[in-house]
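Colleague: What TrEMBL records for this protein is below:
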TRANSMEM  5-25  transmembrane segment
TRANSMEM  37-58  transmembrane segment
TRANSMEM  87-108  transmembrane segment
TRANSMEM  175-198  transmembrane segment
Amino acid sequence: GKESVLANAVIAMLTIGGQQLFSFFTFSCPCHEGLNLIYGLAFLGVPALILLVVGYALNNQTWRLVTGKSSPLQEEAPLNRLLQCKLICFVLCSITGRALVAPVTWLAVTLINGSYYVCAMSEYVPENYYEPSPNFTASEYRRILAAFPCSQLVPPELSRARDEVILLLRYQSQVAGWLLIAVVVITVFLSYCLASCFSPLSFLHFRYWNSYVHNEQELFDEATDQHSKLYAMQHIRKFFGFVPGSENVKEIRIPSLKEWQAISGLAFLNQVDEEHYDYSLLHDWALNESADEKFLNIDVNP
């Protein structure tokens, strides 16, 4: 839908901007044999991995899929095993597709930029791509190649060879970046085509279904907020003797020290029976304790 396309575009633009700032302020190739590869691949792959994990974590479908799966109530629901596996695979593919937007953008932009790849692969360039001096040994070749990303460390007589090596590595990096973009675009397009072909709904029916799911979720969130607020008000009223927003409050309840202690502190979600939970310590107190009649008359509302 349009919302998904817009969200993906915003994520891609933020990733591009973050990559440019990240490269400008933090990246500095060590230009040392054995360190270039680790440093370059770390800057290329680790941020992409972090963005992938963040993409999974920020998707509500991830938590909808995993939350409560170890609950004993899950075992009571008779589900078609094959249908359940298909549904899980479909949701995982959807989540992964959204989560891959940022890391793929990061990889594509960094490869097109070329700086990370040049740093990582400089010492592995074959000798036939430039004209090395016959006085250098193989280990000296690698040490000199590792210094090529840092122009100030390269002897003047090797400046031409350095330029040729840098151009070669940038060419390889940019080609890899554009190939990655092409593969992703084609894969996404074919995925949408296949999903549309196997859809049991017609085009307009599918749009109606999307609209219904979106509106249902919005209304459900509104009802959840209102229901939980009304339910919490009953417990607040029992503890304080009134609820926020009440007009012409004549008296308030004075909780005892024991009651303050009962609702303070930390607590887990507590299952009280097969059907219900206690959501908080105040909830548990309101359902299980009888409120003492300790009220104070007041003359003026705040």
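The backbone N, Cα and C atoms fix where each Cβ goes, glycine too.
Curation does not apply to TrEMBL; its annotations are automatic.
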Colleague: What same-chain residues lie close to the transmembrane segment (87-108): Cβ under 8 Å, and 6 or more beyond its ends?
Modeller: 4, 8, 11-12, 14-16, 19, 44, 47-49, 51-52, 54-56, 59, 61-62, 64-65, 177, 180-181, 184, 188, 191
Colleague: State the residues, same chain only, that lie 6 or more residues beyond the ends of the transmembrane segment (37-58) and have a CB under 8 A from a CB inside it; answer 'none' if no residue qualifies.
Modeller: 15, 19, 22, 26-27, 29-30, 95-96, 98-104, 106-107, 110-111, 116-121, 123-124
